[in-house]
Amino acid sequence: MALAPLLSHLRFTRLLFFSPKAPFKTLPISAFSTITKNQTPPYRRKTFSHLFQECSNRRAADTGKQAHASMIVSGFEPTIFVTNCLIQMYIKCSSLDYALKVFDKTPERDPVSWNAMVFGYAGCGNMEVAQSMFDSMPEKDVVSWNSLISGYVQNGNHPMSIDVFLKLTGAGIESDRRTFSLIFKACSALENYEVGIQVHGLAVAKGFDHDVVSGSAIVDMYAKCRKLGESLQFFSEMPERNCVSWSAVIAGCVQNEELVGGLELFKEMQQEGVGVSQSTYASVLRSCAGLSAVRLGAQLHAHAIKGGFRSDIIVGTATLDMYAKCDCLLEARKIFNSLPAHNLQSYNAMIIGYARRYRGLDAFQVFRLLMKSGFGFDDISLSGAFSACAMMKGYLAGIQVHGLAIKSIFWTDVCVANAILDMYGKCGALMEAHFLFDAMEIRDAVSWNAIIAAYGQNGYEEATLSLFVWMLRWGMEPDDFTYGSVLKACAGRHALNCGMEVHNRVIKSGMGFDLFVGSAIVDMYCKCAKLEEAEKLHDRMEEQQSLVSWNAMMSGFSSDEKSEEAQKFFSRMLEMGVKPDSFTYATVLDTCANLATVGLGKQIHAQIIKHELQSDVFISSTLVDMYSKCGNMQDSRLMFDKSPKRDFVTWNALICGYAQHGLGEEALSVFDEMQVEGVKPNHATFVSVLRACAHMGLVEKGLHYFYSMSSDFGLDPQLEHFSCIVDILGRSGQVSHALRFIHEMPFPADDVLWRTLLSVCKMHGAVEVAEEAANSLLRLDPHDSSAYILLSNIYADAGMWDQVSKMRRLMRCSGMKKEPGCSWIEVKSDLHMFLVGDKAHPRHKQIYENLDLLLAEMKWAGYVPNTDSVLMDGDTESEQVEDLISCA
């Protein structure tokens, strides 16, 4: 049974080419009932040529074979016309082998026979055989040449099509309008203006420039060659214009970024009553996408539906792409789901649309649907998929897509390779990224930017700068993105000299006032504590000042403990009409926390609510921190409870607030809630927890939390945590244990840790331990006045006045002075700052008069100043001491 189909095929082939002749040439149509679905009357008869043409039009290969077999069985000897109809039928039905057999068995062949075979082989991409057929032709006409030229154009070999055209001209064959339209198409694809204008001259000489087909091709050619002005001029002079001409000129405007011009031409086209094609809709919808004109795009969408293009896949794809690029992803997805059929472009539009809006998971899910659809993928699909993996930090998914890319022809595409580089960089897989970069045969500026950014994003600033040097040595010219990454690396390393060198190169490149680069330079100077230079550059940018630049300046002042300057910059920014973002508000709230200006903080909070930014996790965390540092733990807790999203920073802010205000139980309770919620604590969390234990005197619990850092949470304790344990042990009176704990540390103690031990020694009068702590502190910083002050106060508490005098002499000989205390108060939005004995305030006389009244009332109430710990010179009178205390 398995041989039956094969035997049937062999019998058919034999009938096809070896049957006897018969005297008749027509048959009743009823003999071929499969040709049409409806019954045909038996008296109606059709010739074989009609049957072959009908099968050709309907691509009915099986029916055509039946008709061919019947013709052979009947013995009819076909004319050359009938044979040509049969050849063309097989070609259109994609049965080129049968067409070749008919062609080979044909005793007489005319140019139509040869042209059909050339056209057939060119159509299936076999240009070698098509060229061979063409060369074997005994007689060639313009159709023969057009078939060959068309084949090269269709297969993307445009230079060869122009070469064939030149041979046609040299052979003395008269070109027709199809010849010119094909050559103009080749020039368009090559963007070869020089050849295009010469061909235009030939068309004018032969009178084809007034032909609507050739004219439309000329319009398209000039537009594709970036000569839009010439395209528009020729279009305006055309004596006859059809929908193809209009579509070409509108598409030309869009391709040359004249989006508004394309829409105006579409309006003019409508006024002239020209019908709209699918390509025209695609062009104008692309204009709306580029202009983000979603309302106009929606009107065009309705216009297309009214024009009967609701189910058209090309118009549908252009429409969903327009909605996606206008950030209307819900509408785009509705259209995608409603399309009766999809193509690769519709999938790509959804993938890229989701990726542009940072919806990586949705983009990757559409890519998976594409893989199941059978349409395959292209470089755009892969780039979108890699972008989705980068957003999700989906390393495993990225590896799988990378495997697909390797198996495809797009592996060598530089755009795809750059997308893979970016994905690995954002997933932290630097080894894979560098291996891929080294293996790339072609690297462009984007490739260098991707590998530089990969190292910069993962904190490898030194490697980032090294790669930048290598990029320059390879002769690649940096762009704004390159400078942004490199300046960020300089800022991260506080590498001022390197940053200044990069700044110098930026100025030489002419990008000094570029919005993005200028903001990055301002940020670099701010991070390197060069605020004057940063401010000068910021002011020089004038109208080019970006929000990033303003934020960098405010952040720089805040980091340099110049919160008042940061708030002044914020006021200037509002006066300039610059709209703040989440980072701006967070920075200003941080300055309010530093200055304890809760009034301004509440005003900023009101602005945040007005602009509906309170749901931002960064903002909510900063509000919790601001209220706690201003001493308002009730509002801090309220902000915490109202936060829709809480990350570890939000939890840390509340725990830290409770710990700083001595509310240890509340701090530990919030820490327990944090663990129940499944939020993983970090190093900062444990600093606050240990401080809470210190305030409550919970030695055992503090040690438990300390050792659980590494055992339960995989966090290695840092110097801050060791300092907290020293504080816990010292407060409980275990000063010697605290000293032993310091000696057993895996790394040397810093000045903060020794100063902590020295402070707890004062609480318990541990003179010997204090001396060791002070000596260790002075070895780290011989000019640290706090060590002398603390140790002298410990000596004073112990009644060791000789040692107190010795400390005083040492400080005097070293030229050291105790840093004066500072306090401030906000009155009617004005900040007033005071130092010890300060008389710089314009109303200092009134202030001191009121201070004297307060001191008198305190003494009357029984207050007696304690002067035991005051460092005195030999000639210091007791009244002077009392005055000093009153001013302190």
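Glycine residues also receive a Cβ, built from the backbone N, Cα and C atoms like all the rest.
Record features (TrEMBL):
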- 110-144: repeat 'PPR' (REPEAT)
- 242-276: repeat 'PPR' (REPEAT)
- 343-377: repeat 'PPR' (REPEAT)
- 444-478: repeat 'PPR' (REPEAT)
- 514-544: repeat 'PPR' (REPEAT)
- 546-580: repeat 'PPR' (REPEAT)
- 647-681: repeat 'PPR' (REPEAT)
Summary of DSSP states over the repeat 'PPR' (343-377), given as helix, strand and coil counts: 27 helix, 0 strand, 8 coil
Spatial neighbours of the repeat 'PPR' (343-377) far in sequence, C-beta under 8 Å, 6+ residues away: 313, 316-317, 320-321, 323-325, 327, 329, 332-333, 336, 384-385, 387-392, 394, 397, 401, 404, 408, 410
Beyond the flanks of the repeat 'PPR' (242-276) by 6 or more, those residues with Cβ under 8 Å of it: 212-213, 215-217, 219-220, 222-224, 226, 228, 231-232, 235, 283-284, 286-288, 290-291, 296, 303-304, 307
Within the repeat 'PPR' (444-478), residues counted as helix, strand or coil by DSSP: 26 helix, 0 strand, 9 coil
Per-state residue totals over the repeat 'PPR' (110-144) - DSSP helix, strand, coil: 26 helix, 0 strand, 9 coil
